[in-house]
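J.: Just passing along the structure, written as structure tokens.
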Amino acid sequence: MLHTIGILIWIIIKILVIVVPLLISVAYLTYAERKVIGYIQVRIGPNRVGLKGLLQPFADLLKLITKEIIVPTRSNKYLFVIAPLFALVPSLVGWAVIPFQEGVVLANINAGVLYLFAMSSLGVYGVLIAGWASNSKYAMFGALRSTAQTVSYEIAMGFALVGVLLAAGSMNLTDIVNSQKGGMLHWWFIPLLPLFLVFWIAGIAETNRAPFDLAEGESEIVAGFHVEYSGIGFALFFLSEYASMILISTFMAILFMGGWLSPFEGITFLDQIFFVVPGFVWLLLKISFFLFVYLWVRATFPRYRYDQLMRLGWKVLIPVTIVWLIVTSLMVVAHVKPWF
């Protein structure tokens, strides 16, 4: 009995070690977004609350927590309240299979890719439930857009994943990282470049980020699926969006960019200099790079029209992935060096 309780406590501690830094990262990702986009638009960004505005995320959190939670009169109150949790929980539980370094993973399962793909797709249920439960036309339009968008881009994302599975020969995330050993030229983003780009575009669409943020298009449907949400409900949707961004960026780093592996592996004099850098630091740097690209894309591109979004998903990305899957299969059979 005591042994079982000890194991349970240890699992809870490991979960907290992952979740608490993740929530803090989400808070400061909002700060980074406002700063980066501010600099791109030749503004300063938040600079009043704390040194250089560093306490701004906590001020925003305090503001949202203290706001009144308003539940629309004709809404389904039970579903309206739990919908934000349906959106947030998948983006948190996906971290259970993320390897931060060799052997540093909560659950090293053999179907890690499948599990993570499923978790990254489940958040759309929270959006759909929120749109329907709000009993609002704008919210429902936003929810339907988001559902159609997610389903469309999941297909391209799934095909891109198949390419990685063909190349690595495993669905275990640790094995996929280890299959990229040998330096930057051995990482999968080089032979699978079209799949890498498709996966990245689909990841932006999955997380409802600009230029694919049609689910919350301010100029068309006000705030979209969370138009009726205020206070902590809105904060949870906000949290789930940014947590999903970090999860997709981590997924990209592991599948295509060597995870925790050093880019200088195989370059003797550089490898000796950077040998002391822990693996998880390289992983964090790669995640930060993808997050920066998220913000850069948001500040650069205008929002797509709905028909353009669907056309890109069905008529461009899916055919590209199918063609490159055939090419990847041929490269695997031909044992093209240095990857296969």
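Cβ coordinates come from backbone N, Cα and C, glycine included.
Taken from Swiss-Prot, the feature transmembrane segment applies to 4-24, 78-98, 113-133, 151-171, 184-204, 244-264, 273-293, 316-336, supported by sequence analysis.
Walk me through the surroundings of each of these features.
T.: Sequence-distant contacts of the transmembrane segment (4-24) (same chain, at least 6 residues past either end, Cβ-Cβ under 8 Å): 92, 95, 98, 106, 239, 243, 246.
Below 8 angstroms of C-beta separation, residues 153-154, 156-157, 159-161, 163-164, 167-168, 211-212, 248-249, 251-252, 255-258, 261, 263-266, 290, 293-294, 297, 312-313, 317, 320-321, 323-325, 328, 331, 336, 338-340 of the same chain, each at least six residues beyond the ends of the transmembrane segment (184-204), sit close to that stretch.
Within the chain, the transmembrane segment (273-293) has long-range Cβ neighbours (under 8 A, six or more residues past its boundaries) at 29, 32, 36, 100-102, 104, 200, 245-246, 248-250, 252-254, 257-264.
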J.: Given the cut-off of 8 Å on Cβ pairs that are 6 or more apart in sequence, determine whether the transmembrane segment (316-336) and the transmembrane segment (113-133) share at least 3 such pairs.
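T.: These two segments do not touch.
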J.: Under an 8 Å Cβ to Cβ limit, what residues of the same chain, 6 or more beyond the ends of the transmembrane segment (151-171), are close to it?
T.: 110-114, 117, 121, 124, 179-180, 188, 191-192, 195-196, 198-199, 201-203, 205-206, 255-256, 309-310, 313-314, 317-318, 320-322, 324-325, 328-329, 332, 339-340
